[in-house]
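Feature annotations, reproduced from TrEMBL:
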DOMAIN    B:71-263  domain 'ABC transmembrane type-1'
TRANSMEM  B:12-33  transmembrane segment
TRANSMEM  B:71-95  transmembrane segment
TRANSMEM  B:107-128  transmembrane segment
TRANSMEM  B:140-157  transmembrane segment
TRANSMEM  B:182-207  transmembrane segment
TRANSMEM  B:240-263  transmembrane segment
Amino acid sequence: MRRNLTPYTFLLPYLIVFGLFWAWPILYSFYLSFLDTRSFPWAWNPGVNWGRILQDATFQDALRNTFLILVIQVPLMLALATGLAVALNSQLLKLRPLFRFAFFAPVVVGAVAYSAVFRLIFNTDFGAVNSGLRALGLGPVDWLYAPAPAMSVIILVVTWRWTGYNAIIILAGLQSIPKDIYEAAAIDGATPWQQFVRITLPGIRPVLLFCFVLSIIGTLQLFTEPFLITNSGPGTATMTLGTYLYQQGFRSFNFGYASSIAYTVALLAGVFSLIQLRFFGRD
Amino acid sequence: MRRQQFVRSIWLHLVMVPLALLWLAPLWLMFVFSTLPERDIFSTPTPLLPGGDFFTNLQNLNADTNFSRTLLNSVVISLIYTVLSVLLTSLAGYAFARFRFWGSTTLFTVVIATLTIPYFVVVIPQYILIAREFKITNTYWAVVLPSLANSLGVFYMRQSFLSLPSSLLEAARIDGAGEWRIFFQIALPLVRPAMAALSLILFLTAWNDYLWPLLVLSPDNKAALTAPVALGSLIGLTRVSWGGIMVGAVLMTVPFLILFVFLQRQFIAGIAAGGVKD
């Protein structure tokens with residue numbers, strides 16, 4: 001009997017924290033999304049938040065912006081990360097540790113630190129990017145205060161931060177592909193491109209799928225970059241589901257409405273993950 | 001054949017060298033800006049070489065917000081978080097790896113399933129607990145507690161414990177060692193490399209965390225204010241030393257860049273762990 005309780009004693013500390021700060025919150029925020037939290041005391045009113053979310057123009061802006069970032073940024077980044085991983089894995093590349101450092105370094109840089117730097121780099125009057133454009137006879141572009149440029153800044157910054165991270169995961173996948181397959185293919189006269197399409201891509205598919213799902217969940221929750229670099233603006237041009245949830249939940253303290261935004265994010269994450277699994281998960 | 005390889009190699013470098021420089025540019029500029037007086041930061045063309053004003057900027061930063069204090073808070077918070085989270089996830093990972101017990105599969109599935117659940121879903125109730133029920137905002141515990149139960153840590157530690165030869169632990173059991181002794185004196189020391197990789201990743205995550213600390217710490221109260229929240233609160237201000245902000249960014253970043261150079265394998269192991277399943 002004593003023996004049977006042992007695993008539970010090992011698990012107990014973890015389970016207490018997990019139950020209190022994960023399991024209960026998952027259920028409670030679902031419940032909250034049906035409460036009117038702008039009344040005191042909070043009142044059961046199933047339609048108030050979910051009805052509002054369907055008509056809320058700012059929410060729709062946030063949703064559209066988040067989708068736009070998702071559709072452009074995630075494929076762009078993962079294509080780049082795959083290319084980098086193949087390059088960093090190639091015997092043809094000299095000084096590989098140096099290149100690895102260059103692309104992997106952003107992994108250890110905090111969002112606040114790089115957001116501050118990118119604000120300066122994309123400054124309209126003095127920033128390095130416009131200064132470079134001017135030298136080419138272009139620009140200046142009002143990077144942080146015009147809608148489309150502000151959006152591209154967010155996409156670029158997120159790509160800078162996460163490409164190396166994904167390349168690390170993809171590289172680990174690449175290294176698990178047996179080398180003799182490539183050797184056999186090379187003897188059969190397969191070009192590098194053919195080897196990439198026929199051997200590499202199928203080999204890293206599970207890892208790539210993992211990166212896709214992870215990136216989608218991450219992008220759906222994008223917060224720090226639009227919050228600190230563009231302040232969700234101009235207007236609502238870079239408002240994301242993350243910054244809107246923050247605004248509703250922790251500026252207006254409307255926990256009910258913020259919870260329905262949170263559950264929308266969860267729903268989208270679930271749907272996207274399922275689509276990914278359906279299309280790329282099968283063998 | 002050789003010639004073809006050579007040409008390919010040249011092309012590869014022609015693409016990779018500029019791309020690598022582009023990737024390093026923001027970090028280089030961060031360093032350069034941290035050493036320049038304000039008027040040089042806001043001048044064109046953008047200065048590319050460092051100056052000598054790092055310590056002046058550091059003073060400005062400390063005048064804007066007590067940054068040294070917030071760095072200390074960040075170190076303490078990240079350490080507490082790392083030690084406790086590694087302990088908790090090791091214990092849980094060990095239970096899942098070594099024992100078959102009623103509910104083990106279900107529990108493990110539930111814990112791992114939370115990996116796919118967006119953090120947003122729990123952030124509001126977590127805030128209600130910390131701020132309204134426990135009333136512990138602006139403390140170390142407010143920052144540390146909610147994220148202690150790290151699912152990826154459990155997954156990672158379980159994998160590591162599974163890779164230990166069970167004959168070793170059985171032998172100890174037959175020799176009459178208690179379960180806790182087996183865990184602390186035999187199993188745990190054997191998975192030290194995994195613990196190191198996990199610690200590194202958890203410390204880094206805590207060190208750079210922004211959204212949660214932003215919710216439970218206010219910039220006016222320095223008791224537990226972390227460096228990212230302090231620095232973030234300066235970014236939106238109009239009259240602020242940007243050289244100072246860059247010093248803050250450098251102080252938050254450079255220790256980890258150095259650590260990364262020496263412990264690249266551990267960092268990479270920790271990150272890749274999520275992607276490669278057995």
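In case you wondered, yes, glycine gets a Cβ from its N, Cα and C as well.
Automatic prediction, not curation, is the source of TrEMBL annotations.
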Long-range environment of the transmembrane segment (B:182-207) - Cβ separation under 8 angstroms, sequence gap at least 6: 74, 77-79, 81-82, 85-86, 89-91, 94, 98, 143-144, 147, 150, 153, 156-157, 159-161, 164, 168-169, 172-173, 252, 256, 259, 263, 266-267, 269-271, 273
When counting Cβ pairs under 8 Å to the transmembrane segment (B:12-33), the leader among B:107-128, B:140-157, B:240-263: B:240-263
Beyond the flanks of the transmembrane segment (B:107-128) by at least 6 residues, Cβ under 8 Å: 92, 96, 146, 151-152, 154-155, 158, 211-212, 215-216
